[in-house]
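Q: As listed in TrEMBL for this protein:
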| type | residues | note |
| --- | --- | --- |
| DOMAIN | 32-492 | domain 'Major facilitator superfamily (MFS) profile' |
| TRANSMEM | 103-125 | transmembrane segment |
| TRANSMEM | 132-149 | transmembrane segment |
| TRANSMEM | 155-179 | transmembrane segment |
| TRANSMEM | 191-209 | transmembrane segment |
| TRANSMEM | 215-236 | transmembrane segment |
| TRANSMEM | 301-320 | transmembrane segment |
| TRANSMEM | 340-359 | transmembrane segment |
| TRANSMEM | 366-387 | transmembrane segment |
| TRANSMEM | 399-418 | transmembrane segment |
| TRANSMEM | 439-460 | transmembrane segment |
| TRANSMEM | 466-488 | transmembrane segment |
Amino acid sequence: MATAWDFFPCTHKFSEPVEIPNPTVRHGRRLATARVSAMAAVDALDRLRVSRAKHECRRDARNRATSSTLSLAATGSHIGWTSPILPILKSTDSHVPITSDDASWIASFYLLGTIPGCIVAALIVDRLGRKISLLLSGIPLTLSYILIIKAQNPYVLYAARGIGGIGQGIAYVICPMYIGEIADKEIRGTLGSFIKLMVTFGELYAHAIGPFVSYWILGYSCLVIPLIFFLSFPWMPESPYYLLMKNRPKNAMISLKRLKRCISNDQLETDLEQIQKTVVRDLSDRGRFWDLFDTPGNRRAVIISIGLQLILQFSGIAAVESYTQEILEEGDAHLPASSSVILLSVLQLIAGLGAVILVDKLGRRPLLITTSLLAGIALTITSVFYLVKFQFGVNTTGYGWLLHFSVIFYELIIALGLNPLPYMMLGELFPTNVKGAAVSLANVVSSLLAFIVSKMYQVISDNWGVYAAFGWFAASCYVGVFFIMLIVPETKGKSLLEIQEELNYPFLSTSSKEQLDAVRFTKRWHSKNGSGHGKPGENPQNA
């Protein structure tokens, strides 16, 4: 605002400056305000456009995760298939008469088939790629249901279950790798939670349909899941990590553009460079099984993955899921057993959805610690209930709800963290060159432990009582809490490269890690090129 002194300078001692409006200044201010408003509007539109693009990208990522984990939904339907079908097969009017021993082998062959499936996955994942290998898992999963539908004797059912287990072994190895490599770090945990969520969905699918339809209709209904997987997954992109492993950078960029179409080309180039840096670092030594134990980071990742599988399986998940009906009957349930199993499956699915939301908000470590601790408390309550009722002979009438609550709470709480996270983290912990062997090893160990725990549960229950088995499960959870606190790192919001740095150098600063990386790279360069001391590209005599 101009003043009178600007136009009529006066030196009179009583003169006071008087503000006089200046049209030019006023007009300039209006123009400036208009410009600011226009810029704010443009910024708001840009933010809206970016937000909408990110939303679309995340929606596409969820669709890709859903399509890939349909293979796991098929494995879940195989797991849930035994619950409604074994009572039908053991009945007097069964078209395939079986004994109780036959029934136990029909259930167990699926777990045993998982072991060769894991080995097959390790052999093909780096040769055929993540996408083709995961597609191949659908073949045994489909063939298994075809044999189940056509079976006329228990031996065909044995073969069908074993073949289905091979498909599960392949899917359990490949799917975490695929999701871990195509997912953006901000939502990798969310997408990784789809792994167990879809397994739970498959179990619920079989549990919900089985009690109300015939043997054959259930078989055809479950066959639909792998067929949908075959129709939807071929359209998904290959992992850019695998494409760079095979020295196909153009294809890797095309894949990355499909995965991250909401970001700029400059950012795509940056992301591709980081992926290439990770792959070059991982492939500086070609991956062999023994390379799992070659570096501190790999050794630590093996300890973490095997440790988490030990905690999960020794918490009794396989035994509790196999004997849920018998366990709940001890609490004088008023609901039919089939209805209880359906209800439990629905609640597990809801808990799995909760894990999808929480894993990238709270992080892996807090969820693992909390769910392990709460699972241990629930199992302790179950153990005490059996101890009081059967060892001390106390009348527990009116307190049966406590058993139901503790068992259902246990299965729900591990569905939030302890059950899905060990599988999800397999795709995060290992470098690209040994990821196939590492995930296969973890799944072989998991399958063996599940088989052992399922058998040992009955042995311990018969010789010492059910309370002893649940006491063992509870103690494993408590030990697991300390293991997670001391050993397991947080991977939330970190790139795969950052996770490898954390595993290899857990106590060093970023600059120290980079210096050690440079030293190791130089040593590898000299060993491969047969040179003496000095830097790559430098004459050893001048070093």
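Cβ coordinates are placed from backbone N, Cα and C, and glycine is handled just like the others.
How buried are these features, and what lies next to them?
A: Long-range contacts of the transmembrane segment (132-149) within the same chain: residues 68, 71, 74-75, 78, 81, 117, 121, 124-125, 156-157, 159-161, 163-164, 166-168, 170-171, 174-175, 178, 216, 219-220, 222-223, 226-227, 229-230, 233-234, each at least 6 residues beyond the stretch ends and with a Cβ under 8 Å from a Cβ of the stretch.
Under 8 Å from some Cβ of the transmembrane segment (155-179) lie the Cβ atoms of residues 65, 68-69, 71-72, 74-75, 78, 96, 98, 105-107, 109-122, 125, 130-131, 133-134, 136-141, 143-145, 147-148, 188, 191-192, 194-195, 239, 423-424, 426-427, 435-436, 439-440, 443, 446-447, all in the same chain and six or more residues away from its ends.
Sequence-remote contacts of a segment are chain residues at least 6 beyond its ends whose Cβ falls under 8 Å from one of its Cβ atoms, and for the transmembrane segment (301-320) they are 111, 292-293, 327, 368, 372, 375-376, 379, 407, 410-411, 414, 418-419, 421-422, 425-426, 429-430, 438, 441-442, 445-446, 449-451, 453-454, 456-457, 469-470, 472-473, 476-477, 479-480, 483-484, 487-489, 503.
Within the chain carrying the transmembrane segment (366-387), a Cβ under 8 angstroms from the stretch's Cβ atoms is held by residues 308, 311, 315-316, 327, 330-331, 355, 358-359, 396, 399, 402-403, 405-407, 409-410, 413-414, 416-418, 421, 465-468, 470-471, 473-478, 480-481, 484-485, 488, all 6 or more beyond its ends.
When Cβ-Cβ distances below 8 Å are used as the criterion, the transmembrane segment (439-460) is approached by residues 108, 111-112, 114-115, 118-119, 121-122, 169, 172-174, 176-177, 289, 292, 302, 305-306, 309-310, 312-314, 316-319, 322-323, 422, 426-427, 430, 468-469, 472 of the same chain, each at least six residues removed from its ends.
Long-range contacts of the transmembrane segment (466-488) within the same chain: residues 300, 303-304, 307-308, 310-311, 314-316, 319-320, 327, 330, 364-365, 368-369, 372-373, 375-377, 379-380, 382-387, 390-391, 418, 456-457, 460, each at least 6 residues beyond the stretch ends and with a Cβ under 8 Å from a Cβ of the stretch.
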Q: Mind pulling out the one from 103-125, 191-209, 215-236, 399-418 with the most Cβ pairs under 8 angstroms to the transmembrane segment (340-359)?
A: 191-209
Q: Report, as numbers and ranges, every residue of the chain located at least six residues beyond the transmembrane segment (215-236) whose Cβ falls under 8 Å of a Cβ in that stretch; write 'none' if there are none.
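A: That would be 64, 67-68, 70-71, 73-74, 77-78, 81, 84-85, 88-89, 95, 131, 134-135, 138, 141-142, 145-146, 148-149, 202, 205-206, 209.
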Q: I'm checking region-level scores; what's the whole-number mean pLDDT for the domain 'Major facilitator superfamily (MFS) profile' (32-492)?
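A: When the pLDDT values over the domain 'Major facilitator superfamily (MFS) profile' (32-492) are averaged, the result is 84.
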